[in-house]
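According to Swiss-Prot, the features are:
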type     : residues                           : note
TRANSIT  : 1-33                               : transit peptide
COMPBIAS : 21-31                              : compositional bias 'Low complexity'
REGION   : 21-45                              : region 'Disordered'
BINDING  : 57, 58, 59, 60, 61, 62, 63, 64, 65 : ATP binding site
ACT_SITE : 133                                : active site, proton acceptor
């Protein structure tokens, strides 16, 4: 069911970079192969004073609470993860299928996740600040990586997804300006997950959350997994709701004000 829309999307993307097509790179010696076409460049974004902030963290780390806290701020747009799409692709639920049998459905889900997150990154930005729940970067560096490391994704699937991801990085603007990492103990996430009782999450074991936490630490804290796409602001997120809201308020300027983002990973 996913192949037809993906073929159409791929054909459209590739046509954008054919010589002679609108937005295609110039041909000839010394010409650059990569051109971002309709998507704004980093310099254009800086000129327009628009920024993209991604809230990253484990399952049940408090990302939704963070997004809701800042959603009423002036001139900010919030993009949540397109979970409803992952639960219903023309009547199919690839998210639920993946949690039931990751070896069989991991590639199916992550291919669609990569597509839908690309759509999130490249849709027109109307506000000065865009706050996103996760990113195409964590989809690849955390969740695809976990499937592969755990032996639930064959190497050929991993390589194909990685090739798609690398092509996207080279040819499209999925850059971000700040990562807010809600650093949460896996046990805390597990208890929250059980309390909120989402259908697909009922089968998630603590070991899975521990693996996801470990990859976040490698990527965003140690910097030993993959390149970090932006400066990282770490917020310890094991606290109760009232304390988390206080921490969000304390970090408001560091999150929303561009000149306060020179944080480093």
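Glycine residues also receive a Cβ, built from the backbone N, Cα and C atoms like all the rest.
The Cα atom of the residue listed as 'active site, proton acceptor' lies nearest to that of 63, taking the binding-site residues 57, 59, 61, 63, 65 as the candidates. In sequence order, 182, 183, 184, 189, 237 are the residues of the chain that are 6 or more apart from residue 61 (ATP binding site) and have a CB within less than 8 Å of its CB.
Annotation note: residue 63 (ATP binding site) sits in a helical segment as assigned by DSSP. Proximity of residue 57 (ATP binding site) to non-local residues of its own chain (separation of 6 or more, Cβ distance below 8 Å) is seen for 63, 181, 182, 183, 184, 216, 237, given in sequence order. Under the three-state DSSP scheme, residue 57 (ATP binding site) falls in the strand class.
Report note: the ATP site is defined by 57, 58, 59, 60, 61, 62, 63, 64, 65, and the residues of the same chain whose CB lies within 8 Å of the CB centroid of those residues, excluding them, are 66, 182, 184, 189, 192, 237. Around the Cβ of residue 65 (ATP binding site), the same chain contributes 241, 244, 245, each under 8 angstroms and 6 or more positions distant in sequence. Under 8 Å, Cβ to Cβ, and six or more positions away along its own chain, residue 59 (ATP binding site) finds 189, 193, 201, 204, 209, 212.
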